[in-house]
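As recorded in TrEMBL, the features of this protein are as follows:
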{"type": "ACT_SITE", "residues": "B:GLU270", "note": "active site, proton donor/acceptor"}
{"type": "BINDING", "residues": "B:HIS269, B:HIS273, B:GLU299", "note": "Zn(2+) binding site"}
There are 2 protein chains.
Amino acid sequence: MEVQVSQQWEQFQQLVRKIMSYYEALGVLHWDLRTGAPRKGTDIRSETIGILSTEAFKLQVSEEMGQFLQFFADPKHEGQLDERQRRMVAEIRKLYEQNKSIPPERFKEYSILASQSETKWEEAKKNSDFAGFEPYLTKIVAFKQEFIDYWGVKSTRYDTLLDMYEPDLTVEKVDAIFDRLKARLVPLVHAVSESSFKPETGFLKQLFDIGQQDKFSRFLLGQMGYDFEAGRLDESVHPFATGLNPGDVRITTHYLQDDVLSAVFSSLHEGGHALYEQNIDKSLAGTPLSSGASMGIHESQSRLWENMIGRSRPFWRRYFGDLQQHFPEQLKDVSLEDFYLAVNKVENSLIRIEADELTYNLHIIIRYEIEKQLFNEGLSVKELPEVWNSKYKEYLGIMPPNDGLGVLQDVHWSGGDFGYFASYSLGNMYAAQMLHTLRKEMPNLDELIEQGNLAPIKEWLTEKVYRFGKTETPSEIILRVTGEELNPDYLADYLEAKYKEIYKL
Amino acid sequence: MEVQVSQQWEQFQQLVRKIMSYYEALGVLHWDLRTGAPRKGTDIRSETIGILSTEAFKLQVSEEMGQFLQFFADPKHEGQLDERQRRMVAEIRKLYEQNKSIPPERFKEYSILASQSETKWEEAKKNSDFAGFEPYLTKIVAFKQEFIDYWGVKSTRYDTLLDMYEPDLTVEKVDAIFDRLKARLVPLVHAVSESSFKPETGFLKQLFDIGQQDKFSRFLLGQMGYDFEAGRLDESVHPFATGLNPGDVRITTHYLQDDVLSAVFSSLHEGGHALYEQNIDKSLAGTPLSSGASMGIHESQSRLWENMIGRSRPFWRRYFGDLQQHFPEQLKDVSLEDFYLAVNKVENSLIRIEADELTYNLHIIIRYEIEKQLFNEGLSVKELPEVWNSKYKEYLGIMPPNDGLGVLQDVHWSGGDFGYFASYSLGNMYAAQMLHTLRKEMPNLDELIEQGNLAPIKEWLTEKVYRFGKTETPSEIILRVTGEELNPDYLADYLEAKYKEIYKL
């Protein structure tokens, strides 16, 4: 590398490192707000988050940054970068171009609003008070519409949002994939609900000590290979994982005294996200490539651990005894098989994050369709509860008794994350397709799980997915790992095989 | 106010608010590091803290800031500011002038070092490994010596450091005050240790459940008027209080299973600091005046609650029953009087933060003398353990068995806080002098305490001290509140009266 190029690279890296520092601090401020920051400090905290987000934003679209990007756009200079360096420049350039047209003042107002709005959402959800939350959400949507204009409208306005979470994803593609999936899942869901077999779940309706739940979550996370010296587990209203830096990837869960499964599976889920970020190649630290490849790929890792491993027979053959030891009183008379059937019970229910693997995708399709209406078809925020409720009635045959259990259940919209939900179903599809390959390459997979020997799985995923971070696109990853482009049939195959066996269809 | 002046003021305030945002974020990052951030993330976190501290520092000494200060230095403009606004400008100007001569790169290196050094100190203390900590401390001292040159040497090099924690404090003044105090305390300490009376403390040497300790700390904090909706209580190696914003003033304590008093009194202590910051006038929020007037005044508030109220007979007349209820097994046969005598036992001991009220000042004098040697008389860091141990032998007649219980016991030096310790004894003196006035103005003080009616005390302190924040200097405060300048005799009077009675002298 020529001296001039290496000097420019050095300075560029320093600027990027500085920007990453803001994001680490903002990550901690957010984590703190969600895990127990005192109520009376949240207004000033929101303002502080807004101010620092704006500073980070300004650096990202600064003249200095523009000059670096221009310098590295020159083929003479770019030619001296290695592949990773080029990816890093491309990633930064994408953010730069996305954001440089947003006036910093507008961005600041938006950041403050989004932060306040998340706090208001928590209250509104608790009190089922959509009216109290509506003014905030209306402003958030208006901001997003304004930002879409800044970012540039793709085929449709909503396409612009989809692309931000999953590069190159379009309404056209999602419509096609969801149609193909629906064609196989709808008859399956129908057959399951017609089945005379109903798993017994009465034994889950007991009180389970929260201290014991916490111990069991920590135990399972340890078994997965989650490194507690590079992370911590806390509690929040809505469970999440956050990678603050490569040595500090935190997760939260939510303990319900009358629902022992909720924390178990949300810990496995967030643990899957965290395992990904804890095992990204350390040489990417301090760059934006030290994160998941996309929301969809990230979600594939949480789903793989939560559902495909965590709700499998071999998994509970190994761990049900441990669970019984944590709750001898409640579970002593429950058989392994009954427990397995219970954790896989299919039920048309109200809450997405508590939904079973099979109907889960319907929860996503509802949200996807509503967001499409909101951004492409003139639906107003005021109408959301009504549309939400009628879609739940239509797709799942049930009606939320209040907005806390309905339209207010998810955190995403309060933070402006529209276009995100589709990634969850993509995640299921990526996961099923990867599992298919994993099973081919590791024919004794079920035996390993049954032995509680989960390390080889973590190693395989590290080798194939985790370590790459964001140095590859989702399409590149799925093709490299499985030899094929995304194919929703793997998910349909997996779900059919599993639920036909369980429901004796 | 003229339009031009009010516009300048508005922009100046925005810049100050931005700087305060960095300090709030840095406060959270520090709090997080000390209360459970994962070990493997601390190196990157230290770097992040260094980078963001540098950004805040750059803003403080920026050209923009210089221009505002110049603008408000003009009597035509300054004349249009009210008293508070003038104080704020003066406070910012002081920081500006202190720091503008430090090259930002040096400041950044120092910030990273100080953050790493605190983490190393924790390990070193645990392992009694001074050699492992020495290289860090040596660099910290070298940086401080370099900074003293940037700041300007006052009468002596160490004077420059003293002044940073307590405005206008000098080696000459401290020497005089400490001499006057020593003249009365040394004979008292001597008489106490000669006394044949020894309080019974055997009942304290039991195991006390940490969950119960936590409950009792929270109970006492609630009684003091600590607002848990504007703060939270956590655990850390070294207890501290940190005001992140006026609605978020956090404290930590440290639970020892075999020492129930440690957490009780550190909670009262940090609670005193927090009460101060929670009750600063809200109109000062977002400015540097929204903090304690000085380290000494801050410490007077923690000492007042911890010792003068918290170790008084009326206090335990009210609360000993509650403590017994938390630990019925351990305390059922202990009388109130025996407990009172035990919490006031005077003992020449090794650990400052566990020391009794009376010998405490000797711990401070040792540190003050060592720091003076380090900065004024060429003492090297390598020699610290030896000097430390010999001073403990000389003043307290005891010798630390290892450096963890000796020179490594305090966090301060690891973070570069030299010149800080003297404030603790000043705090005792301010507190005793304020208590004297409080007792005159509230003749039924003891009755109120005995009724657990602590609100009027908090209100008096809010009215006289808390609400003013940093709008007055320590000298102005002590003069306004007590009608007199700082006078160490009040502390000596208080200690003599209390300990002569206890030790029947």
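Backbone N, Cα and C atoms are what each Cβ position is placed from, and that goes for glycine too.
Note that the structure is predicted; figures quoted are calculated from it, not measured.
What TrEMBL annotates, mapped onto the structure for a quick look.
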residue	record	Cβ contacts under 8 Å, 6 or more apart
B:HIS269	Zn(2+) binding site	B:PRO239, B:SER302, B:ARG303, B:TRP305, B:GLU306
B:GLU270	active site, proton donor/acceptor	B:PRO239, B:PHE240, B:ALA241, B:ILE251, B:THR252, B:THR253, B:SER302
B:HIS273	Zn(2+) binding site	B:ALA241, B:ILE251, B:GLY292, B:HIS298, B:GLN301, B:SER302
B:GLU299	Zn(2+) binding site	B:SER423, B:TYR424, B:LEU426, B:GLY427, B:ASN428, B:TYR430, B:ALA431
I need the neighbours of the Zn(2+) site defined by B:HIS269, B:HIS273, B:GLU299. Which other residues of that chain put their C-beta within 8 angstroms of the C-beta centroid, in sequence order?
B:ALA241, B:GLU270, B:GLY272, B:HIS298, B:GLN301, B:SER302, B:ARG303, B:TRP305, B:GLU306, B:GLY427
Tell me, by DSSP, whether B:HIS273 (Zn(2+) binding site) is helix, strand or coil?
helix
Determine, from DSSP, whether B:GLU299 (Zn(2+) binding site) sits in helix, strand or coil.
helix
